């Protein structure tokens, strides 16, 4: 085969999955090529101008802990930062940043361009080149006929695979934001034999900032107290000059406009055939599914410091443009708003994810990986997490090293990938805290404690990040030791001080840690009694200490459950398993096992339609092997 150039890893698509995949592979020493349709759209945000949010924000922290880039990049380019769910328990707290979308993309492109071992190139890949047995990928062919050799290929094409934009009755071939649609590669994947699904997502109109009457909306400022996505970011660099978002609502008039035009809605007229996201429905879908609700929240989100475009969060629509004009003007604060871009729906092909291994390598073709919306997920963060895992595993495969699989108990990224490859998805998959059975362990504050050592082992965490992490953990250990040794004694002045703070008297001496276990007590109050540490304790260390001590009992119970699951995960299933030999299992279970081909007993137990009796039979069979 005559190749123009040869690479270890080729990544197809420069979105959020593609940049993480290519950076990970290159940083692990693989000669990497990132091919993208348009160099001006590297790490572009075609929909919401934000990073993070419920569950997603924890994913960004996990990416950072493993040595990925998304957290660092948003910490350099945000215009607002806000911690969500602060009134709830630590398991569901998550950070969200409003991004300057142009700055975010430009900064990430610079990072990719400057990365050693990584080549960034514009081009459209139309075909995967396979070996003579059609079992292994050995390269790619572009629309110009140029061929590049590769030991591994990662497809991260987002919504571009046979993408079609829909606005009212208008439907045309396009990727996101009027970029080119990737039709040749979509055809090629079908020809190779992959099962392809068709999904849909959408985006709202953008309006001119200076045409908004903000007096009719509610201001939504960022947090004054510092927070960051990257564990390497400093509180000293926290942005003080933040830009607010604004809250408004749909009205009964808005709903009337939509109801009167539902016959023209592509979602209901049959023009849209792809399956849309359950947790991010269009406004026309909302007023139909939730007809009893008199109004729906809308967030006016600035897209950056140097643009007048404002994103109307919550108003995703593919209604005809004339309907969108009327709809926007029916919203308080937007009566005189000038629409800059109409909302649209986009349909695209997806590789149904049950065809993937937990490494995100395809079962059908060796050396071929897929990540991001190509796998049926929604969201920049979900895409980036998958891209990181695919990039790591592509590099490890080439190096002949053990594969990298995150457990459900280790990361939200592990939960997501296990859900995709074990259960599959029939609609755009979104991460939710409710999907994680061990969410008290998978918190915002402990992502580095969970994953930095793992990232170091695979060769992705830098020396600087590793030293920073070790210093933090050493301080954590020292202060935990102090809290478990220093005591509050039942002396008169202690009892008086407790009374003034609203606490009852103590009968016996308590360690600082025992006192902190009380749900109404915080770290600063403990310090009032036992004194300051001989060093300045980092804010993030204090946060970790408070959670670990206050929820110690619950965390221990969760860890006991994790140990039970790990015993199931340790029981491997042979790759060439003959499922027909299991005569006693239910027919549905046998069919699911054949389709998914689970790799461990634990994975088999999580397949929908498989009951405990089937797992018991499988366990007996494996123990007899």
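Heads up, the Cβ atoms here are built off N, Cα and C, so glycines get one too.
Small disclaimer: the values here were computed from a predicted structure and weren't measured.
According to Swiss-Prot, the FAD binding site annotation covers 13, 14, 15, 16, 17, 18, 125, 182, 373, on the basis of sequence analysis. Per Swiss-Prot, NAD(+) binding site is recorded for 276-290.
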State the Cα to Cα distance, in Å, between residue 15 (FAD binding site) and residue 276 (NAD(+) binding site), rounded to an integer.
20
Which of the binding-site residues listed here (13, 17, 125, 373) have a Cα atom within 10 Å of the Cα of residue 290 (NAD(+) binding site)?
none
Of 282, 288 (the binding-site residues), the residue whose Cβ has the fewest other Cβ atoms within 10 Å:
288
Which of 278, 286 (the binding-site residues) has the most other Cβ atoms within 10 Å?
286
Which has the fewest other CB atoms in a 10 Å radius around its CB: 13, 276, the listed binding-site residues?
276
Express in Å, rounded to the nearest integer, the largest CA to CA distance found among the FAD-binding residues 13, 14, 15, 16, 17, 18, 125, 182, 373 named in the record.
18
A 10 Å Cβ contact count, applied to the binding-site residues 15, 17, 125, 280: which residue has the minimum?
280
Using all protein chains in view, find how many other C-beta atoms are within 10 Å of the C-beta of residue 373 (FAD binding site).
30
Counting all other Cβ atoms within 10 Å across every protein chain shown, which of the binding-site residues 284, 290 scores highest?
284
Can you tell me whether DSSP puts residue 373 (FAD binding site) in helix, strand or coil?
helix
Of the binding-site residues 276, 278, 280, 284, which one has its Cα closest to the Cα of residue 373 (FAD binding site)?
276
Going by Cα-Cα distance, pick out whichever of the binding-site residues 13, 17, 125 is nearest to residue 280 (NAD(+) binding site).
17
When the Cα of residue 282 (NAD(+) binding site) is compared with the Cα of each of the binding-site residues 13, 17, 125, which one is closest?
17
From the Cα of residue 276 (NAD(+) binding site) across to the Cα of residue 17 (FAD binding site), what is the distance in angstrom?
20
Quick check: in three-state DSSP terms, what is residue 17 (FAD binding site)?
helix
Distance, residue 125 (FAD binding site) to residue 286 (NAD(+) binding site) (CA atoms, angstrom):
38
